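Feature annotations, reproduced from TrEMBL:
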type     : residues : note
ACT_SITE : D96      : active site
ACT_SITE : D314     : active site
DOMAIN   : 78-432   : domain 'Peptidase A1'
SIGNAL   : 1-15     : signal peptide
Amino acid sequence: MVTAVILFTVTVVLSSTVASSPVTLTLERAFPSNHGVELSHLKALDTFRHQRFLQSTTSYVVNFPVKGSFDTSKAGLYFTKVNLGTPPREFYVQIDTGSDVLWVSCASCVGCPQTSGLQIQLNYFDPRSSSTSSFIACSDQRCKNGVQSSDSSCSGRNNQCTYIFQYGDGSGTSGYYVSDFMHFASITQESLLSNSSAPVVFGCSNQQSGDLTKSDRAIDGIFGFGQQGMSVISQLASQGIAPRVFSHCLKGDSSGGGLLVLGEIVEPNIIYSPLVPSQPHYNLNLLSISVNGQILPIDSAIFATSSNRGTIIDSGTTLAYIAEEAYNPFINAITAAIPQSVRTVLSRGNQCYLVTNSLDSFPQVSLNFAGGASLVLGAQDYLIKQNYIGDGSVWCIGFQKIAGQDITILGDLVLKDRIFVYDLAGQRIGWANYDCSLSVNVSASSGNGRSEFVNAGNISGSTSLRDGSHNMLNWN
């Protein structure tokens with residue numbers, strides 16, 4: 001099961017007085033199911049997304065409401081709602097693990113869309129309308145940190161910290177940085193409701209171009225979930241407010257949804273693999289691929305991380321992409337393992353199969369990573385149902401290749417129905433199979449430390465800074 005580019009609807013939870021507190025966000029599929037959606041359409045969405053890759057003690061937790069788009073022919077996005085400024089205004093922003101910066105469209109933006117096909121009201125941030133907003137100067141240490149990671153630049157003309165993000169598809173955004181409050185609705189261990197806030201630096205976009213200007217998938221901005229200093233996760237961690245770990249669990253059934261937690265989901269079956277150090281994305285060392293227990297004859301050097309190779313975990317990608325040199329051995333091994341009763345067909349260049357019964361006859365695939373951790377995939381983790389022919393269903397391999405590139409990107413096709421923990425403090429990523437409709441235990445600590453757990457369930461209802469209605473989660 002696959003989702004498209006991932007976004008969430010969120011009101012983040014914090015306390016300005018309590019350190020390392022987890023934040024829980026419920027997720028909802030932006031479209032009910034990929035079944036029947038052409039692979040070419042999903043691949044086109046991923047191509048757009050890949051081109052946009054940029055070169056303590058637990059005290060409370062909140063369950064967040066989720067909104068999303070059901071427009072499968074255009075975007076199928078998940079987005080998060082953040083509250084910025086004083087008084088706070090709501091902004092819907094795409095969650096992006098491939099970049100670091102939170103930026104939103106600002107007043108007088110050139111090229112910013114006016115309406116959205118995602119059935120949301122677009123807003124524009126105006127620093128002059130917020131009593132707590134301030135500009136970031138070039139001399140500010142936060143700007144200097146951003147320069148080191150290419151997330152910011154400086155103009156000697158006005159001493160203002162600025163940014164220019166240009167994406168591979170020709171779209172882009174430019175603007176300047178401001179500091180203002182992000183507001184959070186929180187519930188303490190004692191079930192006391194409190195509205196809290198924390199200062200964060202974010203981008204104020206005054207110019208956009210390319211696909212960012214299109215109304216069909218327009219949102220207010222992008223929420224970078226990367227590891228660099230300009231990311232909100234890094235900023236909150238440096239203030240002692242949130243831990244340097246986040247987790248998600250994406251539901252793979254037709255209803256979609258799941259959890260995103262600013263904190264560590266704790267589950268005894270989680271296995272970890274170390275992150276490749278000093279990389280802009282979440283890279284792991286993929287060592288080999290097995291089909292029905294047999295390691296494929298693929299040179300492991302193909303998967304080694306370099307300037308144009310490596311394996312990236314990316315919840316913003318719909319499908320999965322495998323290094324071009326590994327693609328044919330992978331496809332051939334799966335095809336060779338199925339019984340003759342399963343007919344092979346080609347659909348728009350994709351390897352597909354006409355299945356009249358269940359998928360039980362398809363082989364098990366194992367992605368084997370450094371540290372002895374394997375990601376074991378069943379048929380529904382690498383196949384996508386396309387359509388029906390007579391009494392059978394056409395299932396196509398969801399793993400694609402990017403022509404001329406030996407990069408491997410693991411998107412929602414393989415991430416679904418699993419807990420994934422991004423432990424930035426411990427520089428590792430972990431996973432475990434899980435029913436993402438169930439509640440999870442959350443800890444604010446990572447690595448060697450441990451704090452009390454909070455049970456974070458998918459509780460229906462709404463959370464609002466305006467009406468004060470919140471969904472409380474039970475403590476263990």
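Every residue number used here counts from 1 along the chain in the order it is shown.
Cβ coordinates are placed from backbone N, Cα and C, and glycine is handled just like the others.
Keep in mind it's a predicted model, so treat the numbers as computed, not measured.
Over the domain 'Peptidase A1' (78-432), the average per-residue pLDDT in this prediction is 88. Distance from the CA of D314 (active site) to the CA of D96 (active site) is 9 Å.
Listed in sequence order, T97, G98, H281, Y282, I409, L410, G411 are the same-chain residues at least 6 apart in sequence whose CB falls under 8 Å from the CB of D314 (active site). The local packing around D96 (active site), expressed as other Cβ atoms within 10 Å of its Cβ over all shown chains, amounts to 25.
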